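Asker: One structure is given below, represented as structure tokens, and several questions about it will come after.
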Ligand SMILES: [Zn+2]
């Protein structure tokens with residue numbers, strides 16, 4: 001019997017392949033029964049992640065093209081397009097208009113639109129999306145390509161205004177949240193606005209300073225407090241959502 005929905009952590013956005021010993025991280029997440037979406041940053045990295053995830057039940061590898069790497073790696077877009085039909089899981093993709101990456105912004109938009117149009121056409125993808133200083137533009141691309149109609153967009157570390165959060169909800173987006181973002185004022189706003197059924201937890205490890213993959217206790221506690229629920233009830237609810245989204 002399959003018991004993926006049994007309570008346990010959900011890490012819907014982390015980078016296992018950025019650890020020196022990625023296989024150890026895959027093994028650790030699997031042993032902890034952590035439902036994990038292991039995102040990647042370039043199409044070339046996907047094959048070895050898919051290989052590691054192949055015989056694991058709880059860890060899933062996603063095909064990515066990180067906006068911060070588009071300047072150097074846009075040429076891998078054709079590889080992305082070649083691999084996309086082979087997986088349900090896409091990420092990390094998106095846009096980044098932070099100062100460091102703004103020079104490549106126009107190219108990022110071309111790549112992200114191509115990626116989302118392809119996902120919309122193929123359908124049934126779960127897409128983990130980065131949106132630094134680009135909440136509005138990211139939602140516009142989702143809407144314009146129609147990706148929200150055939151796929152599930154999951155907005156990762158979504159730092160946005162109330163109006164943008166409501167727009168994302170109208171499009172049926174899900175949200176993966178981490179402790180660091182929830183401690184900021186906009187994070188609290190996000191928690192007040194989003195129904196618990198559309199929330200997932202993430203670490204974005206190794207990019208959140210003190211979190212290892214799967215370490216979502218802090219985020220669970222904050223969600224539980226906001227909704228006046230036990231940690232275990234929140235954990236179970238999020239586990240159910242993740243199980244449904246990740247089902248093959
Ligand atoms: Zn990330």
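Cβ atoms are placed via backbone N, Cα and C, with glycine included.
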Asker: Of the candidates 204, 210, which does TrEMBL annotate as part of the divalent metal cation 1 site that also includes 13, 15, 92?
Answerer: 204
Asker: Which one is it: of the binding-site residues 13, 15, 130, 156, which Cβ has the fewest other Cβ atoms within 10 Å in this structure?
Answerer: 15
Asker: For residue 204 (divalent metal cation 1 binding site), what is the secondary structure by DSSP, using just helix, strand and coil?
Answerer: coil
Asker: Setting 13, 15, 92, 204 aside, what same-chain residues sit with their Cβ within 8 Å of the center of the Cβ atoms that define the divalent metal cation 1 site, listed in sequence order?
Answerer: 14, 39, 91, 128, 130, 156, 202, 205, 207
Asker: Restricting to the chain of residue 92 (divalent metal cation 1 binding site) and a gap of 6 or more, list residues whose Cβ falls under 8 Å of its Cβ, or answer none.
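Answerer: The answer is 13, 15, 39, 40, 41, 62, 64, 65, 66, 128, 129, 130, 156.
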